[in-house]
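**Q** Below is one structure. I have some questions about it.
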Amino acid sequence: MNEVNDFDAIRISLASPDQIRSWSYGEVTKPETINYRTLKPERDGLFCERIFGPIKDFECACGKYKRIRYKGIICDKCGVEIARAKVRRERMGHIELACPVGHIWFTRGIPSRVGLLLNLSTRSLERIIYYSHFIITAVNDDAREKAIKDLEVISSQRVADKGSEVDTRVAQMEAEDATVEAINQIRRDFSTEREQMEEDIQLLIDQLKDLQKGNLLTENQYYELKQRFSNVFEASMGAEALLKLLSYIDMDKERSKLIQETRSTSGQRRKKAGKQLQLVEAFRRSSNKPEWMIMTVLPVLPPDLRPMVQLDGGRFATSDLNDLYRRVINRNNRLQHLMEIGAPEIIIRNEKRMLQEAVDSLIDNGRRGKSVAVNGDHKAKSLSDLLRGKQGRFRQNLLGKRVDYSGRSVIVVGPSLKLSQCGLPRRMALELFKPFVMHRLVRDGLAPNIKSARRLVERARPEVYDILEEVVKDRPVLLNRAPTLHRLSIQAFEPVLIDGSALRLHPLVCSAFNADFDGDQMAVHVPLSKAAVKEARETMLSIHNMMLPSSGEPVVSPSLDMVFGCYYLTTTRPGAKGEGKIFGDFEEAKRYYEMGIIDLRAIIKVRDGKGNMLETTTGRIIFNDVLPKAVEFQNMDIPKSAIKKIIGRCYKILSSQDMAVMLDKIKELGFKFATSSGISIAMSDISVPREKTKLVAAADERTAIAEGQFARGLITEDERYNSIIETWMETTDRITDAIQAGFDKQGSVYMMANSGAKGNISQIRQMAGLRGLMTNPSGRIIDFPIKSSLREGLTALEYFISTHGARKGLADTALRTSGSGYLTRRLIDVTQDVIILQEDCGTANGTWIIEPKEKGMLPPLVDRILGRWTAHNVVHPQTGEIIVDNNEEIDEIKAKAIGEAGITEVFVRSPLTCESTHGMCRRCYGRDLGRVRLVDMNTAVGIIAAQSIGEPGTQLTLRTFHTGGVVGVDITTGLPRVEELFEARPPKVQSIISEIDGVVEVIENENGRHIRIASDEVYQDEYELPSGWKTQVQSRQWVDSGMVLASPELEGKSKAVVQSDQNVVARVAGEVTVEGNLITIKYSESEEREYTIPAAMQIKVKTGDTIRAGQQLTDGSINPQDILSILGRDAVQKYLVEEVQKVYYSQGVHINDKHIEVIARQMLIKVRIDSSGDTDLVPGELVDKFRYEDINAKVLAEGGEPATAHTVLMGITRASLSTESWLAAASFQETTRVLTDAAIYGRVDKLSGLKENVIIGKLIPAQCKSCKEATIERAERIAAAASAPAMSGLPENCL
């Protein structure tokens, strides 16, 4: 089957004038659009039917030919081809421009591509294009030489003529007996005049010599030179001049010249030559011609892509493009007319400039000068505006399409549903499944045809709902809650038809969707094809999505009422009815409870299945009944954390279906016993502790002392502030302890907080104790505590202070949401082509995972290595036993064994060191945390990584902490810190780090503070003497370089005979040690670095400390670029992973290291070429690391010199824009710049990522196995059914 979509790459390049003409169906010569009386397009206008095709299907403009039978005929009267009206969406026209025009993308970009190629500044280029200056386009060297000679001859002739004239005059004056003074005056005047004449001629000669191709001339200079030397040079202005210059460029010669320049120059000139060389190479490789950047023919967009629609009042609404095209055509026609009638040059020049401006506005309105407005102040949307931004073609229509077979409604809780089900309102389901219901009605003979089936559905007859029930049985639906932050925000459910208008959602999936029932809405989508249904059922069903892909923790854990119910069920109540009774087995105990003889929470003794006597409660027996037999009896209180652990363990034992059944049972238990517990909260449940008054009074006293000391000048403002804060923090902790000690363990408030259902001790402290210290909007703690509790009520001042935090919280949430969303978008873009494409890349490299020194800052080693593959044997330090072999997965048992063995570092495979040239391999990635197994082939791990980091972004704080009282340092934390790291920006407070190993010396004097690092490395140079040689030096003697150390001892010959080149000479200066036939010279190489320390920075080292390169000398954050340059690639990767992990872990968000490693890998995947060697690479070019290694390997195999390069750390935005796929980069940011570069380089998009395939409408490369099978099956089915007549009016997917 030959499909339009059957291609695997897309190339973009510059269009030549001939290509533009070949696309066109005719020239647009008139600015008219449609005739306002007949409402038909004007001939040769912007909507002409002859050029673009008929307005009505198979009907020409004059009406001579109608119907499909005339298809392909061109009407002899009106010239319109008989075809479908939809050809007006694809047929283009063209405008033959009266003069060449510069394409604004190539003339005005930064840097300007035309300017770079012609070595012109943007300012000079603008002067030429907009007809202000002339540029020399050609110089005739022979004519110049001849002109110079002629000038010299003219000069000599003039001087000679003038000389003879003066001689005649002098002779005449002598004859008239004139004074000597008068004669001398004439001679002096002649001398001055001769000098002036020579000077004028020399100036003209210099001007001639200075005439070079590409030089700019003002109008006056041009006319002056043209008058005298019209045959020496040619100059012109406008895009015409540039077209001429660009067409003269010989790319091969230009390349050789620039290569020479990059090697022989340095600094700014070399940098510019490097950029020019890259551009020249781009034109050479892409077979684009530079003159195509100047347009002589302008393509005209098909009319249906710039429509004109009649409104109700008879007026017309039109696309802005039509107005912009109209301006171009009007000016072009006027210019042609002026040129034909031979108008003055100045008028023609002005019209040419106006044409250039009109074309600029059409291509990119507002890039130069004032934007062209239509209808008053509304800025016209140009072709570039249609592509760029959120509302542009890429993001609005290609990446974010609206879909049919979808609906939306409010969600309510569905406590009676199974985990895999959702409640779908009948009316909604009927509309969504309408075609399927109609098809079934016809098939079952309930309706004779589709039309009557539609009528039956619209009347909603009872048999229709019976059919609907059958249809939805085998068709899952997708539920989506916006914002779709991660994979779990879209899940598949089996629909259960319900009455009412609201969707019903299972309470356990709420946390995955981050949904609650306060008015949230969700969207429903219907998977249509068999492949889609199969994928939804096998991978998207909620029972297959119970674990978080970010951390591997359960996401379907019970919450709120369910947690409280389970906690209440498993707690004990001393003195309850039936306490101390003994039962023979669990069933007997449950029977006695049901008869009301014993209380649910009474402590009883029961014999378990193994014959052991347990002290437990009936509630715990009931709870354990729902757990699998493999899980031992849980004889304890079950709060939220315990439920999470139990679910995690059960997931490894049970299948998805059994797991769902167990979770549903826990849910039912939770709801049942939360209801029967009869929990409620009253004001009386919150009691203020008696100790509060004393503690507050003591704190007030300590505060008064600090204030008094400050008033007397004994302590500073900082010390006073810190003392007060410390006092009240301590008091708050003591009151919290007092509240906890006085709690009624059976009280509803305590049980709610302790179970993890709702609330925590901090909130109870604010209700019963005191609210404590508050922060101001900048994040600084206010040194005025709120001493009242919410139970007692706040004073007006206390209430005012507490509003600061509340308002800041709301503002933060709003800002965080957008910031987090943008971060996720950038992360998605940088990793969207990271897909598992290989089983094993075979690398021996890996990364060391080390037990963190600061507990609580990073996850423990056991958590970080779980699910990874080893890159080396893991050996028990005491016994020498191999715990895990090389290249083997570390599962829970092995991870536990590693922890118990006391191993503090493990060498594991990592995405950072994966050597797959495209995507990644399974072993380096390891376990898919959401599925708890080795990652499947074709999994889009890049997207998963981006979602895992972006999704909890809204939970991160948005503030920079202000430390140390009044004058302090801002420490960036939370979301801004994550962004700072991923964008590889210099930190706000940048730490100074040592570039070398050495010893510290801290210097403080009137010039400020300095740190000097001195490094003394001692080396040895050894010289082994042959036997019979005589040493010329002694031990501990100092020798200089070049000094003789030993010489051969020759008998009977004088010393003069011994050749000097036979002696052993010292290669270095140092101290000698002689030991037999071995001479050793010890020498040291010292290195020193000095750093100036700003006054606000805190020094972290002291004099005499020995430090390593890369170690911090001051507080603050390290610039990742410094780590890369000093310590290299591995160190910067480790730094990025650990720093991002610290931010999330400190906020209680668990993300696996591998997700951050995937991003870090993409940030370091490019290298910058230093020297090209024998390769085609250009110095300064950014190249993919793997491509660079491949090119070098080929060159080395052929015996050539390889290129050299250094690793580049790029921020995620830059990395996204420098991706191999130009489609993905253009749809991200800076659309016009990306497309400009891609066109010049003639880039080929191999369609290896996800975005580029979504844009062109192909299936993404990350397909699951079942989906691939179903797609093949469907293609075969369609091929088989192509010959059979389809049932009229049915969707293709019903086949």
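A Cβ is built for glycine as well, from the same backbone N, Cα and C atoms used for every other residue.
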**Q** Can you pick which of Cys650, Cys841 Swiss-Prot lists for the same Zn(2+) 2 site as Cys914, Cys921, Cys924?
**A** Cys841
**Q** For Cys75 (Zn(2+) 1 binding site), write down the residues of its own chain that are at least 6 apart in sequence and whose Cβ falls under 8 Å from its Cβ; none is a fine answer.
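**A** Counting only residues 6 or more apart in sequence, the Cβ neighbours of Cys75 (Zn(2+) 1 binding site) under 8 Å are Cys60, Ala61, Cys62, Lys64, Tyr65, Glu81, Ile82.
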**Q** Write out, in the order they occur in the sequence, the residues of the chain not among Asp516, Asp518, Asp520 that have a C-beta within 8 Å of the mean position of the C-beta atoms of the recorded Mg(2+) site.
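**A** Surrounding the site, in chain order, are Ile411, Ala515, Phe517, Gly519.
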**Q** Using C-alpha atoms only, work out the spacing between Cys921 (Zn(2+) 2 binding site) and Asp518 (Mg(2+) binding site) and round it to an integer in Å.
**A** 44
**Q** Given a separation of at least six residues and a C-beta threshold under 8 Å, show me what packs close to Asp518 (Mg(2+) binding site) in the same chain.
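**A** Those within reach of Asp518 (Mg(2+) binding site), by Cβ under 8 Å and sequence separation of 6 or more, number none.
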**Q** Have a look around Asp520 (Mg(2+) binding site) and count the other CB atoms within 10 A of its CB, chains all included.
**A** 17
**Q** Given Cys924 (Zn(2+) 2 binding site) and Asp520 (Mg(2+) binding site), what distance in Å do their CA atoms have, once rounded to a whole number?
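**A** Given the Cα positions, Cys924 (Zn(2+) 2 binding site) is 40 Å from Asp520 (Mg(2+) binding site).
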**Q** Rounded to the nearest Å, what's the C-alpha distance separating Asp516 (Mg(2+) binding site) and Cys914 (Zn(2+) 2 binding site)? Just drop the number here, would you?
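**A** Here the two Cα atoms lie 41 Å apart.
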**Q** Between C-alpha atoms, which of these binding-site residues comes nearest to Asp520 (Mg(2+) binding site): Cys78, Cys841, Cys914?
**A** Cys914
**Q** Taking the Cβ of Cys841 (Zn(2+) 2 binding site) as centre, how many other Cβ atoms lie within 10 Å?
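**A** I get 19 for this one.
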**Q** Out of these binding-site residues, Cys60, Cys78, Cys914, Cys921, which one has the fewest other C-beta atoms within 10 Å of its own C-beta?
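**A** Counting other Cβ atoms within 10 Å of each of the binding-site residues Cys60, Cys78, Cys914, Cys921, the minimum falls on Cys78.
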